[in-house]
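Colleague: Would you mind keeping the following structure in view while I ask a few things?
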Ligand SMILES: [Zn+2]
C-alpha cells in the first residue's frame, strides 16, 4: 500500500472508532439510567407513594444534588436551568470550557454553532476536543463531548458559519446567547441580532495573556454598539492565530461566560451587566470596571433607533468592520515578479551554494521557534535602524566566497507567510538594495513545497 | 499632578511594552486643573513611541479603546472634559476580539 492509501485507511478506521465509541457511551448512559430506575423501583407489593419534589425527577436530584444544596441556587435555580436554552457561538478556546460546564450543569437545551474543523495547533486551548477529532467538524466533536458528560440534556448541532441570513432563525430558538467567537464582524452581528430579538448576550474575548468579559443587552443594559459605536481599524484586531494566546486564558474567560450564562438562566445573583471584567493574566490582576449604560444615541438599541429584522438582514458586517467574517490569511502582492523567488528556487540557491544573505524579518520570539539555516534575524520593525548590518553581511559574504569584483552577493528576505518580507523588500529597494528579493509564501511555503519536516506554527 | 496610567489589550505595545506608568504631569498656562483632553495630548507626546494612530483619532482615542478613570468608564464622567485629581488611575484598554 502507498502512504496515501494507508492514510486513507487509517482515517476511515479512526472514523469508525469514533462512531463506535460514541455509540458505546450512549448505550452505557442508557443502561445506567435503566439500572437507576430499577434500583429505585419499589419492591413488590409496596405502595407507590408520590413525593413532592418540585418537578425534579429522582435522576435529576441525584445528578444535580450539589447545586440543589446551595441556598442561593437550590431547586428553583436548577429547575430554571433545566428549562432554559443556551446557544454558544464558537467551539474554540472560549466555547470549549463554556460548553463543558453548561452541559454538566444541566442546561435543558444547549446549542453549538461553528463551521471550523478541529486543528492540532488549537488544541492547547480548545480543551473540549480530543486528538481523535483532528480534521473533523468542531461542532460534532463538541457535541459528542457534551453528550458524554451529560446524556440527559439536549445538544443541538449547527454545523455552519453564522451569517445575517441564518442568525435570526438560529438565535431565536434560544433564551441566552454566548459570544465565544474570534472576530469583530461576528461580534457586531451577534450583538445586533440579540438586540433585534431581545436576547441577553454573554460576551467574552481573549488574546495573548488578557481577557475581557461582560453581559450585553440584559435588563436595559448596554449593547456592544453602545460601547463601540464605531468599529476599530482592522490593524487593531489581532487574532489568536496572529498574536498567539496562552491556552488557559480563554479557558478562564470561557468558564466565566458559563457562570454568567448560568446566573442569567437560573435567575440568580447579579449578572455582569453594565460592568466589565478585565483579566491580566501575566500580572495576576482582575479588575471589574463600571461601564456606560444603554446609550440613547445607539443606532441599534437607542431611544430613536429603528433597527429592524429587515435592516439586520441587509446589514453588511464585513464592510462595516472592513474585516471578512471568515478570516482568510492576508495575502499581499506588493512586488513585481522579478523581485520574488519561490521557496523551491531558494532551495536550489542553497544547493548550488550561491553567494547570498538571507534576512528573516519575523519578530525575534518567532525566530526562536525555528528558522532557516544561516539566516540573519532583523525584525521588520527594526530594519530601518539595522540597515548597516545588512550591508556588512553582504560584504562579508562576498569576501568569504571570494566573489570576483563586479558581481555581488544576492539578498533574499523571508518571513512567516510572505507579507512582511514584501514590505521589507519594498523598503530595501527604496534604500538602494535594488537586488533584494522576497521568498513567496515565506516559511509556510518552505514547509509546504520544499521540506515537509520543517516545523510550522 | 501624580497619576497612574495603565495600557492594556495591546496598547502597551505603543509605549515600549510597559503597561503601568507612574507619571508626574506639570500643568501649563496657569490652569490649576487637568482634564482628560490635556492628558491625552500629554500621553501622545510623552508616552506613545510608535503608530500614534493606533491610540488616537482626531482629539480623542481611536474607536475600540475604552478609557477608565478610577475603574469607571469616562463616558460616565464627561469623556474629554473629565477633571483629573491627584493620584487618579487612568486605564486605556483596547477591546479584544480573539477567542
Ligand atoms: Zn446599543
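Yeah, the Cβs are placed from backbone N, Cα and C, and that goes for glycine too.
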Colleague: Which residue of A:93, A:95, A:204 does TrEMBL report at the same ATP site as A:114, A:121, A:122, A:123, A:124, A:125, A:138, A:182, A:183?
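Modeller: Among A:93, A:95, A:204, only A:93 appears alongside A:114, A:121, A:122, A:123, A:124, A:125, A:138, A:182, A:183 as ATP-binding in TrEMBL.
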Colleague: What other residues of the same chain, not counting A:223, A:226, A:298, A:301, have a CB atom within 8 A of the CB centroid of the Zn(2+) site?
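Modeller: Along the chain, the qualifying residues are A:195, A:217, A:222, A:224, A:225, A:294, A:295, A:299, A:300, A:302, A:305.
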Colleague: Under the DSSP assignment, what numbers of helix, strand and coil residues are found in the domain 'Rhodanese' (A:352-455)?
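Modeller: Across the domain 'Rhodanese' (A:352-455), the residues distribute as 42 helix, 16 strand, 46 coil.
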Colleague: May I ask you to pick out the recorded positions among A:93, A:223, A:240, A:298, A:301, A:415 with a CB closer than 8 angstroms to chain B's CB atoms, ordered by sequence, or 'none' if no residue qualifies?
Modeller: A:93, A:240
Colleague: At the Cα level, what's the spacing in Å between residue A:240 (active site, glycyl thioester intermediate) and residue A:93 (ATP binding site), rounded?
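Modeller: Cα of residue A:240 (active site, glycyl thioester intermediate) to Cα of residue A:93 (ATP binding site) measures 10 Å after rounding.
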Colleague: Provide, as an integer number of angstrom, the distance between the C-alpha atoms of residue A:121 (ATP binding site) and residue A:226 (Zn(2+) binding site).
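Modeller: Per the Cα atoms, residue A:121 (ATP binding site) and residue A:226 (Zn(2+) binding site) stand 35 Å apart.
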Colleague: List those of the recorded positions A:93, A:123, A:240, A:298, A:415 whose Cβ lies under 6 Å from any atom of ligand 1, in sequence order, or write none if there are none.
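Modeller: What lies within reach of ligand 1, judged by Cβ under 6 Å, is A:298.
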Colleague: Going by C-alpha distance, which of the recorded positions A:223, A:226, A:298, A:301, A:415 is nearest to residue A:93 (ATP binding site)?
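Modeller: That would be A:223, the closest of A:223, A:226, A:298, A:301, A:415 to residue A:93 (ATP binding site).
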